[in-house]
Amino acid sequence: MPKHFVDEYQPLLVKDFEDTQRRRLPSRSLLLAVCAACIGGTFQYGYNISVINAPTSYVHKFINQTWMQRYQMYISEDVLTLLWSTIVSIFTLGGLIGASVGGTLAVKLGRKGTLLANNIFSLSAAVLMGLSRMTGFFELLIIGRFFTGVNAGISLCVQPLYLGEIAPTALRGAMGMGTSIFITGGILTGQVMGLKELLGREEYWPLLLSTTCIPAILQLLILPCFPESPRYLLIDKGDDEGCQKALKQLHGTADFDSEREDIEKEKNNLVGFQTKKPWELFTDRSIRRQLLTIMLLNMAQQLNGINAIYFYAGYVFKQSGIPVDKIPYVAVGTGACECITALTCGMLIDCLGRKVLITGGYTLMSICCILFTLTLTFQDYSPVFPYLSMVCVFAFILSFGLGPGGVTNILTTELFTQATRPAAYMIAGTVNWSSFFFIGMVFPFIVIGLQQYCFMVFLLVCTTVVTYIYLFVPETKNKTFLEIQNDFQSSKRRKGRSADRAGTNLLSTSI
C-alpha cells in the first residue's frame, strides 16, 4: 500500500475505530443510571429471598416466646410451622400483587417515578420487621415480608422496562443483564450478611431483616440524578425536549442521533395506538406468538429445577463430608457462582446473542438433570458420587445463570413495542410469581413422591423450552424493537404461505 495513502487515511481509520469502540462501550452516565435503578430494584428481590434463611431458628424461638407470653402455653409444632411458612411464602403473594400493578404504575408515574415510589414498601418493611421483637408482635414480620414482596414484584416489572428503554440498541442485552446481575448480587449479599461473623447472631436478627432499607435509601439518593426513560418521554408523554436531554445525558452528544431516530420511527408506527391493558394482549392476534413466548419462558424460569437444586444442595454438601456448621459458607459459594455467571452472560450476550445463550443454558441444565439423578441414585455405592453430585449442583447453577436467569427478562423487553410492553411485563410478572408460589407449594410433595427422580420432571421442562425457542423465537441481537416485531410477523406470514401451499398441493393431488 503506498505510503501517501496510509498517511492520508490512517487518521480517519483511527477515528472510525475509536468511534466504533465508543459505541460498543456504555457511557459512565448510562452505567451509573443502571446501577441506581438496580440497587433499589431487583437487588432487593435477591436480597430478601436469601436473607430470611439465616435467622430461621431465631425467629422460631421469638414466636415461641411471644406465644408463651400471650397465652401462657407452648405453641404447637403445626402452628409454628404454619406461621413460619406464612412469613416466608407471603413474599410471593406480595410479589404477585406488585407485578399485577407494576405496569399500570409505569404508565401513570413513569419508569423512574415508579422505581422511586416503590421504595415506600421497602422502607415500611424495614421499620416493621425491625420493630417486631421490640414490640413482641411476630405479625409485623408477616406484614413486612408482604411489603418486601410487593416491592420486588414492582421492581421485576418496571426495572427491566427502564433498563431496556434507556440502553442503546447495540448494548441493550448487556444493560438488560443488570437485572440478573443485581438479583444474584442481592442473593450473595444476603447470604454473606447472614453469616455469624456479621449479622447472623441471635441478637442481630431484627437488624438483619431491616437492612432492606439500605438499598432503598441509596436509590432515593442516586436515581433522581438520572433522567426518565427517553422512550417514555417522547412516545407516552410527547416531551420532545425532555427526550433529547435524556438521550444526551445517557448516550452523549455524539451518539444520541441514531437512538432518537429509532424512537421517532417507533412513535410514528404507533400513531393512533393507545397503551394496551393486559387483557387486550390476549385478543391481539399480531402479538400472540410473543405473548406465548414470554409466558412460557417466565413459567420455565421457576419450574426448571433451580429451586430443587438449592433444596438438595444442603443434603449433597452434608453427604460430601462438609461439616454442618460450614455449609452456610459453601452456600455463599453457590451464590458467588451464580453472580459470576450473570456477569459472564452480561459480557457475552451482545456477542453470542440471546438465542444461543438461553438455548445453551437450558440444554446444559437438561444434561445436569440427568447426571444429578444418576449421582443421587448411586449416592451410597461409592464415596465418589457425593462429590460428583456437588459438581452437578454448581454446574446446574452456572448453566442457569449463563442463560435462563438473565436472558428471560431481556426478551420480555425486546419482543414488544412501547404500547404493549408494560402490559406484557404485568403478564410475565404474574406468570413468574404464580409459578414461584406453585413450585413452593407443590415441590415438597414432588420430592416426597419421586425422590431424586423429580429431576426428570425438570428435564421435561428444560427440553420443551429448548425445542420451542429453537423453532419459534428469532434472534433479537442488535435489532430495533420494530425490526423484532417485523421478524415475528414475517415468520407468521411464511408459515401461513407454507400452509396454503400444502393445502393447494393436497387439493391438486386429490383431484
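Any Cβ shown, glycine's included, is placed from N, Cα and C.
If you look up TrEMBL, you'll see 34-477 marked as domain 'Major facilitator superfamily (MFS) profile'.
Per TrEMBL, the feature transmembrane segment maps to 30-47 (among others).
Summarising the annotation, TrEMBL assigns transmembrane segment to 82-107 (among others).
The transmembrane segment annotation in TrEMBL covers 114-131 (among others).
Same-chain residues lying 6 or more positions outside the transmembrane segment (137-158) and placing a CB less than 8 Å from one of its CB atoms are 40-42, 44-45, 48, 52, 59, 62-63, 66, 83, 86-88, 90-103, 105-106, 111, 114-115, 118-119, 121-122, 124-126, 128-129, 131, 179, 209, 212, 409, 425-426, 428-429, 432-433. Annotation source TrEMBL lists transmembrane segment at 137-158 (among others).
Counting residues 6+ beyond its ends, the transmembrane segment (170-192) has Cβ neighbours under 8 Å at 23-24, 26, 30, 34-35, 37-39, 41-51, 53-54, 156, 159-160, 163-164, 198, 215, 328, 331-332, 335-336, 338-339, 341-343, 345-347, 349-350, 354, 401, 405-406, 409-410, 413-414, 477-478 in the same chain. Feature annotation from TrEMBL assigns transmembrane segment to 170-192 (among others).
Residues or ranges marked as transmembrane segment by TrEMBL: 204-226 (among others).
According to TrEMBL, the transmembrane segment annotation covers 291-315 (among others).
Non-local neighbours of the transmembrane segment (327-349) in the same chain are 50, 54, 173-174, 176-178, 180-181, 183-185, 187-188, 191-192, 194-195, 200, 310, 313-314, 317-318, 357, 393-394, 397-398, 400-403, 405-407, 410, 477; each lies 6+ residues outside the stretch with a CB under 8 Å from one of its CB atoms. What TrEMBL records for 327-349 (among others) is transmembrane segment.
Residues annotated as transmembrane segment in TrEMBL: 356-378 (among others).
Taken from TrEMBL, the feature transmembrane segment applies to 384-411 (among others).
Residues or ranges marked as transmembrane segment by TrEMBL: 423-447 (among others).
Long-range Cβ contacts of the transmembrane segment (453-473) within its own chain (Cβ-Cβ under 8 Å, at least 6 residues beyond either end) map to 289, 293, 296-297, 300, 303-305, 308, 355, 358-359, 362-363, 365-366, 369-370, 372-373, 404, 411, 446-447, 491. Residues annotated as transmembrane segment in TrEMBL: 453-473 (among others).
Each residue in the domain 'Major facilitator superfamily (MFS) profile' (34-477) has a pLDDT score, and their mean in this model is 88.
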